[in-house]
């Protein structure tokens, strides 16, 4: 017998790759926060776009990839968050920063009645049902004449130019208020992206996350060991509505102009997001990150080709779903065994080697 | 009073169109539990096919639809056999995401091929022709739409319960494995079912294209109406689907009578009310 003792066993999710990655990620985050010092405004705007799409993708991935709730109606929360932010700024005269936060809360509140309807529908019907809900929210808000009705409206200049936080950022970098606006929205997008990834990762590593994975793999088996599947799904649905609403509000603070058709666009806020997640790898945290980078590159390469661009994106999505359903990250992780955000619990420290590779998130 | 009656009759006729949209969706779902998110775009594709046949060959729209039917059957058969069959299984993600991708591909393919202009298929004098039925005048085309919807549903029910293909459909729907043991090839049965659904889609497309303007982007809205009709009627019941279509149609025409901006919203609200009171639809049949 060796010097085997129970105390040497440990349940771990950390891997060697993830520990190295944590250091690299910290450096990247520091660099990203300092980016306004050394990149141009147009780069900041591109980064803003990438980060907000990443937030939307992480939220959709949480819904579809982990909770099995395939929604094609998340534009409901992007648009509602954006409209709520406009209402708080224009009608209540609030500061845009406070309005963004309140818009996120408003979106989560909207999710309560919509969950009540949607959870009566299963699987594929949930998907189309979520689309109906988004249409209803769009048609109702298009009736709101004080916010421009069907044609939309703009944020008043003074509401977004003369806020104290913009002055502070402007003085700090020595730029005009429009430049300060880009820096501030970029920072907020960065914060939101980090917070979203952090919270999703935390959720997946928690007891609730384990329950979620169990529900995804087999709802009946999970329920038989006491996981309240419905409660878990509702929780995820509300959380995704909150995150999506925040992102929607932030996107429209930057755009400063809203219309129902743009704010509730199924292509911009759902189709792109679905393709990002599917191409990158559904059901992993790394997937949407890879996906958003590929998406950005494709968009720059193909932007001049109009509808060909979406057509090609659709074809890539179909091919990936058929032949590599775990996406680009899945292909990479399968070959290398590398996981940057490991959630799989492994027993380490015992006499047996624990280096055996397994499926991601098994 | 006459105007209310008028509105109801218009609603019923519109409901016939929605039932035509929905019948194909219902058929495919009933047999292979597949929800095709590209269904609406396939209707628009068929409408453009009919339009192309009318303009290129100078055919009468009804003849063009007859020509389009076997073509669309082939499209549906191939789509199911080579693409959608690969996605079937216990996981709901692949069929949903593949058909969603397909929806985007068809929409943008049509935009590339036919531009974003709105089009219409002209049926000449028939467009404005009407019949006097008691106190109200009824358009001939809407009446034909409703009659076609009823004919399609009767036809599909006959096919389901009177033919050997229908028996194979029902057997595969119940248990593809056992059906396979009896010499049925589920993949071919599924392909045939989608082919037939596309024939129904072609009929729907004829009336969609002759009733109003259409452009490549209107597919998703047709999918939503079809879906609402199926859920209101209850899964698995074709007559229920017709009824569901009529509910949406009447809600929309009443909404439009109050305020044109409320037309679509009223239809959606009727759907939500039914979902609230009778989550399994008014005439549920399938347990799913």
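Each Cβ is built from the backbone N, Cα and C atoms, and glycine gets one as well.
Features as listed in TrEMBL:
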- B:12-35: transmembrane segment (TRANSMEM)
- B:42-59: transmembrane segment (TRANSMEM)
- B:65-84: transmembrane segment (TRANSMEM)
- B:96-116: transmembrane segment (TRANSMEM)
- B:136-160: transmembrane segment (TRANSMEM)
- B:189-209: transmembrane segment (TRANSMEM)
- B:229-250: transmembrane segment (TRANSMEM)
- B:262-279: transmembrane segment (TRANSMEM)
>> Please identify the stretch among B:12-35, B:189-209, B:229-250 with the greatest number of Cβ pairs below 8 Å relative to the transmembrane segment (B:136-160).
In response: B:12-35
> Between the transmembrane segment (B:229-250) and the transmembrane segment (B:96-116), are there at least three Cβ pairs closer than 8 Å, leaving out pairs fewer than 6 positions apart?
Replying inline: no
> Any contact between the transmembrane segment (B:42-59) and the transmembrane segment (B:96-116), i.e. 3 or more CB pairs below 8 Å with pairs at least 6 residues apart?
Replying inline: yes
>> Are there residues at least six beyond either end of the transmembrane segment (B:12-35) with Cβ under 8 Å to its Cβ atoms? List them, or say none.
In response: 43, 84, 87-88, 95-96, 99, 138-139, 142-143, 145-150, 152-153, 156, 169, 172-173, 189-190, 193-194, 196-198, 200-201, 203-204, 207-208, 211, 222-223, 225-230, 233, 235-236, 238, 241-242, 244-250, 252-253, 286, 288
>> Six or more residues beyond either end and a Cβ under 8 Å away: which residues meet both conditions relative to the transmembrane segment (B:65-84)?
In response: 34, 36, 42, 45-46, 49-50, 53, 59, 95, 98-99, 102, 187-188, 190-199, 201-203, 205-206
